[in-house]
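J.: According to TrEMBL:
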DOMAIN    516-563  domain 'F-box'
TRANSMEM  21-42  transmembrane segment
TRANSMEM  62-82  transmembrane segment
TRANSMEM  89-107  transmembrane segment
TRANSMEM  127-146  transmembrane segment
TRANSMEM  158-180  transmembrane segment
TRANSMEM  225-245  transmembrane segment
TRANSMEM  275-294  transmembrane segment
TRANSMEM  314-331  transmembrane segment
TRANSMEM  343-362  transmembrane segment
TRANSMEM  374-395  transmembrane segment
TRANSMEM  407-430  transmembrane segment
TRANSMEM  436-455  transmembrane segment
């Protein structure tokens, strides 16, 4: 019984939207711009930089690459500081690093020292970029409400690219292009001889051209002035953020902002296994990372085409500014039209890809060249690509929730940096040229579109905010001073209402106060343990509606590894369950579902259980079979399907043949002819490894077909509803030498010693064989197994009347790796056989010697017998043995230290057992007037 929420002393947090959020966003965005301007300093003025510092194209690209590399190695450390130490310390530290990076470049312009300083500055600036690259979604989540979150992310993240535009604008405006003077010189050491050429004019041999830079000093002064301007901007940003930049607002702007995030180590582990997050991050990082690196060296790319440094800067500027404006507009539309981000992204990528195909064709002069086409195509491409950035940040956070936004942003930034680094590293290849760069950008956009089509979008964070905001109306947007006064008045009123409600509730529950538990005081792991005992239907329909904490805990991955939805439910419950199942389907590995619900799942477009491995269907109908046969069905990891059906079995097999199953289990009690046709269709399952059939019968031809044509088969188990099903020796002639079978089950069949001989010869790697209730087997057949299948680990030879004690001794001598031995109802087995098993089978875990009439207490009583008991022995079954006494049973329990289960049912000589010293619990069951005992180790549970 749970205490009423009114009795809870903790009040729910007020949702407050602070006006100062825009100032915080401005400070953060200004530092984003400054950091990126410093990163994009050299690309727009590449020709001037090469003249002043004696660089080449590879040096220009490598300086930009150093920033990417340093970001790559420290981005997750920065995300830890942001999420767990606070946004202020991260922002102040990184803003200080930006200032330091800008200051290093102001020291000297001497090429001997300046180059090293520029590399060092790039590395420090890259370290500073970690917070400002991965922080926009975290800042938006902490300060902005649901309907402004994507817009805020767009502004701060696109300011990074506004800095790129600033680099294209400021650099070429402050630093002019190099001017060269070409002079014709004569070789001094040779005599210059005039000669008359074909046009009857005089020409001279032994001459050369000398090219000299005539504005070197002007360029050097302009470059250093650019360094000073950027350093002043960095200082302003650092001082502003140092003076006022709080970690977070006093009250959260949304419900999800107040929710606890997963701790850092668990979050990293979840990201590694989070398939959808990998997809959306790659779709973002591959095109955007390549485009950012491409834009940083746009001057290098356009120089061979004949575009000047200044003109290339204007092209990059317009493209980036257009993208930033478009990004904010698109983000605003996304805030207004929730849950459609994937559609927006695909459309933007397609338009951007078409624009850069046009740009590439113009550069390669496949289409007539014109400067206007370069401007239009590159600006359009920049608008479409940069417009996707805020949507990608937000969709990544939605997909990974409740992983902290800083970690998710860091992960996306890391992948972005990796692809940018790889792109710029290619420039280090000598004589690589620049024409490949445009085609590489086009290819990356195409790959991003393909990944987006595979990606399945989900909005977990938005779902939480929408679910709770609809039920709440205490969200306010006020100036801080007015709100603090009103908050105090509201708090007093709430306290009075709670006191009145407490008095009424206490009068009702006073008599049962001692039975109440305040669930709010329990830690999360205890509540999750309680949830694990609840039916999944209850978790989906009831638990998640109690409070925000329960809603979040009910989506824990540990609760949804195995899902059982086979309970009765009405139509309304069915729709609600399917809707809630969307939020946890990424965790499901085993699904037990009513076929009617499976059809609803399919109709609601949530049938892509990417992690599902095992599917249980208690029955099949024609509609369900058609659902499972749908070619677009995405169960990429599905390995096992369990079902029973009386339908047209060829239809069933054709439905499952496309699922790449490795296990096929079928209980069938219908006409044999239909069963035969279905078995013949198993050959189409080219990944099939395990077949388990529960049927009426199986003829030799069909068994021979299975063994011959299922080449990947490792396990074959046949269980028959009838006893002593006839199988001739000829059925096993189709087995080839060294076949891949490792498990074989043929209980209740008429196989003989000759059959076992052929099986043992052709299947030497058998680890499990079940031939119980095969009445034609003798000691000779077991000898064949012992001679050829020495790796056997599980042997079931129960209820074979012709076996003697020699078989048990042979088994213990030959099968050194035996873990499970079942010799139930072995009439010829004696005490010496058990003693030999204990002595020789050191790896034995389970032993069943029930209903063996010759087993008695005379040999089992001496303590020396039990000193050889295998250390791993967990279970032993001595049921039905009349000669087992209480003293023997107690000796077994006392001396077998690892024993977990002892079965002593129908042992009339056992009267009572004292098990307190071994901490065992005894349950007594009356069975036809005889006492039965089943002993199990006591569970130390919560």
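Each position is counted from 1, following the chain as shown.
Cβ atoms here come from the backbone N, Cα and C positions, even for glycine.
No curator has checked TrEMBL annotations; they are predicted automatically.
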J.: Do any residues, 6 or more residues outside the transmembrane segment (407-430), come within under 8 Å Cβ-to-Cβ of it, and if so which ones?
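T.: Apart from its flanks, the transmembrane segment (407-430) reaches 57-58, 61-62, 64-65, 68-69, 71-72, 75-76, 78-80, 83, 130, 133-138, 264, 267-268, 271, 277, 281-282, 284-286, 288-290, 292-294, 296-297, 392-393, 396-397, 400, 436-437, 440, 444.
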J.: When only pairs 6 or more apart in sequence are counted, do the transmembrane segment (374-395) and the transmembrane segment (21-42) reach 3 or more Cβ pairs under 8 Å?
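T.: Not in contact, no.
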J.: Check for me, if you would, whether the transmembrane segment (21-42) reaches the transmembrane segment (127-146) - at least 3 Cβ pairs under 8 Å, residues 6 or more apart in sequence.
T.: yes
J.: Apart from its near flanks, which chain residues at least 6 from the ends of the transmembrane segment (158-180) lie with a Cβ under 8 angstroms of it?
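T.: Long-range Cβ neighbours of the transmembrane segment (158-180): 29-30, 32-37, 39-41, 43-45, 47-48, 51, 132-133, 211-215, 218-219, 222-223, 225-226, 229-230, 292, 295-296, 298, 308-310, 312-317, 319-321, 323-324, 327-328, 386, 389-390.
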J.: Should the transmembrane segment (127-146) and the transmembrane segment (62-82) be scored as in contact, given a threshold of at least 3 Cβ pairs under 8 Å and pairs 6 or more apart?
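T.: Output yes: the transmembrane segment (127-146) sits against the transmembrane segment (62-82).
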J.: Let me spell it out: take the transmembrane segment (275-294), skip the flanking residues so only those 6+ beyond its ends count, and list any with a Cβ under 8 Å from a Cβ in it.
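T.: Sequence-remote neighbours of the transmembrane segment (275-294) are 64-65, 68, 161, 164, 301, 345, 349, 352, 385, 388-389, 392, 395-396, 399-400, 408, 411-412, 415-421, 423-424, 437-438, 440-441, 444-445, 447-448, 451-452, 454-456, 458, 586, 610-611.
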J.: When you scan the chain for residues with a C-beta under 8 Å from the transmembrane segment (225-245), skipping those not six or more beyond its ends, what do you find?
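T.: Here the qualifying positions are 23-24, 27-28, 30-31, 34, 37-38, 41, 45, 87-88, 91-92, 95-96, 98-99, 101-103, 105-106, 170-171, 174-175.
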J.: Looking only at the domain 'F-box' (516-563), what is the model's average confidence as pLDDT?
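T.: PLDDT averaged over the stretch: 70.
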